[in-house]
């Protein structure tokens, strides 16, 4: 199993599937289509049925039941795309067997070193096989680790028919990283009673609470004149953007928050004197606090418009997803089964809120309750990203055990 995980994962991450926030196609990048087509062929090779890929790039497949019991249909999902935060082109995965727990030089030429000082969890992977980047790209373990685990688990169940299970549906979705994953997901066609996203992090992660999330795009319009004669004429759009940011609470940013604390995050700022554009994400677990944060942004914009003119600041703000806890609580047994599956495999479940979102956040509100399970990755979205193959193997075992337990309890 370990070799299959390594072979599939290292092959998958070499395919550039970064999504693109600026694109309006579905999926937003051709790499996701290419990857989806490959997975369709490999799902068929494994022996799954009803393998489809629709016009929007959503891949679905079925592992038929091998029991006569009336077992609910379970889904397992992962996403095709990788993050936009750092380059995902020309990924060169580096395999470190029997890791010694010490610093790893990822790139000697660029002096990129993965150290326990910067990443204290690193020594806990001593003895594991870990896969890192070469220091020039992200790895793409988010979410190609989860995707690989689903593929390997399905292959394992096909070749071990003594493990009884109900019908299992698999889906791989595009554009999760930019919040559009479930936008065109056909819940009815998928046909599962509930599902699990394999999109978590370290060993034991079991998550069924997510942020309420919104995105805010602000356009600041200035007036550019020669700086030598600019008095009472110039309006600097970049300074307007700085002023807006200054109104937000400094301590309510990602770098100062944890646990159940929400934040405002300036994701990007580009521009000049004439025009500047800022993109923020707004996050909070509590719905009332979430709404209050959005109102705060609107109020700041209103104040600035009163001060500088209506056209000085233009706000576009949209909700992205909501806390899935509300939809999962009524079917709590799907969390309990996953919890029991982990315990039976000597994995200590680590239940904590997702300081982010998964496809499950939106799918839960579309009628498909979907908690999230660990995959074994660390330091997502950057050059220090890595994954433990040993933990990936545990994730495969959890998928298999969840399927087995639902059949056993039917």
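Here the Cβ of each residue, glycine as well, is placed from N, Cα and C on the backbone.
Here Swiss-Prot flags 79, 142, 199 as Zn(2+) 1 binding site, drawing on sequence analysis. Neighbour list (residue 199 (Zn(2+) 1 binding site), Cβ cut-off 8 Å, at least 6 residues apart, same chain): 77, 78, 79, 142, 143, 146, 176, 358, 359, 360, 372, 373, 375.
Summarising the annotation, Swiss-Prot assigns active site to 81. Other Cβ atoms within 10 Å of the Cβ of residue 81 (active site), summed over all protein chains shown, number 30. Taken residue by residue with DSSP, residue 81 (active site) is part of neither helix nor strand, so it is coil.
Cβ neighbours within 10 Å of residue 142 (Zn(2+) 1 binding site), excluding its own Cβ and spanning all shown chains: 27. DSSP assigns residue 142 (Zn(2+) 1 binding site) to a helix in the three-state reduction. Among the features that Swiss-Prot reports, Zn(2+) 2 binding site is placed at 142, 177, 381.
According to Swiss-Prot, the active site, proton acceptor annotation covers 176, on the basis of sequence analysis.
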List of residues, in chain order, with Cβ under 8 A from that of residue 381 (Zn(2+) 2 binding site) and at least 6 apart:
83, 85, 86, 138, 142
Looking only at Cβ atoms, how many others are within 10 Å of the one on residue 176 (active site, proton acceptor)?
28
Rounded inter-Cα distance in Å - residue 81 (active site), residue 177 (Zn(2+) 2 binding site):
7
